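S.K.: Got a structure here, written out as structure tokens. Questions coming.
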Amino acid sequence: MALVLLHCRENNKAHNTDEISVDRLIVRRGKPFLLTLQMKTADMSALDKLEFTVQTGLQASEALRTKAMFRISPAGLANNLWNASIQEKTVSSVTLSVSSPAEACIGEYSLRIKTASSFTCDNKFILLFNPWCSDDSVYIPQESDRREYVMNEHGLLYIGSSDYIFPKTWTFGQFEQDIVDICLKLMDRNLKCLRNKEEDFSARCSPIYVSRVLCAMINAQDDGGVLHGKWCGDFSDGTSPTSWNNSVQILRKWARNYNSVKYGQCWVFAAVLCTVLRCVGIPSRVVTNFQSAHDTDGNLVVDQYRTERGHIPEKEEDSIWNFHVWVEAWMRRPDLSGDFYDGWQVVDPTPQETSNGLYCCGPAPVKAVLEGHVDVKYDVPFVFAEVNADIVTWMILSNGSKIMLNSDTCEVGQNISTKMVGMDKRSDITASYKYTEGTEKERQVYKEAVKRGTKPLSNTPNSPPGSRNLQLKLVEVSKSINGKDINLSLVLNNSNQASKKLQIHLLAQVMLYNGVPGAIIWTEDPETLLLSSKEMSIPIQIAYPRYATLLGRNIIRVNAIVTDLDNNGISYHTEKDIVPENPKLTITTKGMAYPGSEMTAEVVFENPVSMVLTDCKVTVSGSGLLVDVQETNLPSIKPNTRIRVLVPFVPYKAGARQLVANFNCNLFTDINTSITVDVKPAHIATRV
């Protein structure tokens, strides 16, 4: 029997997969790889009789492109079929270059070679998408982009609100050795595969199909996918979404018994999908949209309601999330006309609405969103509304009727953010989703979206009734810090020549980040006289104890409704979201950074409030640094007390690695920090 040498180390390095493994063959489609056959002399003299068979999936067939049979062909023969050519030959061995089509199905393959006298054993290898290959539909031209969107195992997610944007360090870990197998298992367990394995394996040539399947498998809604979503309530039967900072931990937990992991929210869903897409070779990045609309009826208008005192009703059909996170995946769109829609595509695994019967969203071309082409697949109307819906705010009167308070065409879709290529900085990509708010072009695109959509243009008036000559806004007096009182002012400006008697309703309410209202924490109802052509400020102070136990990942929304008692009771409305800044967490390291060397991380946190912190947990993780996430539980931290947590670790991969720490407790959630550990190659350590 002939012996096959797969040259795993050399091939994987050439195919940019050696970060996954150097012990098994993992290659990218459209690029040759080498293998050597050691054979009997008789077989060496009959190389033209060698017959190669590669196949993936059950009941593989050439008709479905999941199986190929081929022989040695002349070197340099260019075609889009599986082929092999001789690179080097000796008396007892031959080295061959084997090439796969640039549109081959991805997945685990078996390779069998028939010689003149025998068969080889089945040799297994994994074939991935190839963003380095110009014929592959995931090809991305710039090497810097490939380094960031395929090879980078660490990244930044952006959370908070449009006025308070905070980076959160995340470990994607797509090249941890077992992650590629978990990704393939995810595809094998998707509903389409379970219904028709042959068609599913055949469709894995398309990143459109693969991204859509994986998007559905990240949430648990339809198919026992990776993550259960939960946005409020008790998380004690699982892990709070704010505690995660690492995709690897989540994917491994799912793979143990294929039970969905508790719990995720949008940034967790998106980060895990980004890991999986990068692992299979699809360039991807995590994107945050601030002031993100959830338009349930598809009319591109979000209706919001307030009571006469500013209270937000418990349930609204439409909502505005203070941020929402999804993934962009890079690919061509041959299923659409021409190449206009090639490039970044929105793929959103957070289970919000169904798409063709499954909870997934996309791939939706970002260019289609920009131009209002909502009749393009997949799910462009939903994404367009998220970044460019109009808002109409209504006041519900005591008799059940409603009056319009204001309308806003600019609020939705702000500061759309992703990590900058090659730098730990924020890149604002709002302009790739919509034209500048307030311009004629932006309104033209909005009307184009309405025209192409299935819902008629709303008949809502552009402005509320009555003469409007009072301006109001809420401003922060000082930076809001979690653990301290919050100070704001309501600024009123009377542009009328007559004085105004004003009834003011002020209200502060906790809001979940996805727009669901929580507890009312503060109210005040002053009356005042505002003289003609004058401005005045009304101070607002929200004491820390009012919000201390309610904040978490939530925000504080301050509403002001001002009624002009001298002008037919015309009402005005303004609101402001407050995201108090959390205290700092620090992490440092000690020891020589080489693979196999012992190091220690020190995490430091100081309780800044006059209350005892309970249920405290510190987690530390880092791809290439810690095999498993390290968790340290602390029963309590007394006021003004500093704690230090020491975490020993042994780096196992060279290169610049991110060590990430998270702190959570009963009053503070998701305090996040990181440090870069530059792990030198092992051969350098031997010379030191």
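Every residue, even glycine, has its Cβ placed from backbone N, Cα and C.
Copied straight from TrEMBL:
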ACT_SITE  CYS266  active site
ACT_SITE  HIS324  active site
ACT_SITE  ASP348  active site
BINDING   ASN388, ASP390, GLU437, GLU442  Ca(2+) binding site
DOMAIN    258-351  domain 'Transglutaminase-like'
S.K.: Could you check which of the recorded positions CYS266, ASN388, ASP390, GLU437, GLU442 is the closest Cα neighbour of HIS324 (active site)?
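M.R.: With Cα distances computed to HIS324 (active site), the winner among CYS266, ASN388, ASP390, GLU437, GLU442 is CYS266.
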S.K.: Once near-sequence residues are set aside, which residues in the chain of ASP348 (active site), 6 or more away, have Cβ atoms under 8 Å from its Cβ?
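M.R.: Looking at Cβ-Cβ distances below 8 Å from ASP348 (active site), excluding near sequence neighbours, one finds CYS215, ALA270, TRP326, VAL327, CYS360, CYS361, GLY362, ASP379, VAL383.
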S.K.: Calculate the per-residue pLDDT averaged over the domain 'Transglutaminase-like' (258-351) and state the result as an integer.
M.R.: 94
S.K.: Counting across all protein chains shown, how many other Cβ atoms sit within 10 Å of the Cβ of HIS324 (active site)?
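M.R.: That number is 26.
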S.K.: For Ca(2+), what surrounds ASN388, ASP390, GLU437, GLU442 with a Cβ no more than 8 Å from their Cβ centroid?
M.R.: ALA389, THR409, CYS410, VAL412, GLY413, LYS434, ARG443, VAL445, TYR446
S.K.: For the domain 'Transglutaminase-like' (258-351), give the DSSP counts of helix residues, strand residues and coil residues.
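M.R.: Computed counts for the domain 'Transglutaminase-like' (258-351) are 15 helix, 40 strand, 39 coil.
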S.K.: Counting Cβ atoms within 10 Å of each candidate's own Cβ, which of the binding-site residues ASP390, GLU437, GLU442 comes out highest?
M.R.: ASP390
S.K.: Do me a favour and check the Cα-Cα span between GLU442 (Ca(2+) binding site) and CYS266 (active site); whole Å is fine.
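M.R.: Spelling it out, the Cα of GLU442 (Ca(2+) binding site) and the Cα of CYS266 (active site) are 27 Å apart.
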S.K.: Going by Cα-Cα distance, pick out whichever of the binding-site residues ASN388, ASP390, GLU437 is nearest to CYS266 (active site).
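M.R.: Checked the binding-site residues ASN388, ASP390, GLU437; minimum Cα distance to CYS266 (active site) goes to ASN388.
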S.K.: Ranked by the number of other Cβ atoms within 10 Å of their own Cβ, which of the recorded positions CYS266, ASN388 ranks first?
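M.R.: The residue with the most neighbouring Cβ atoms within 10 Å is CYS266.
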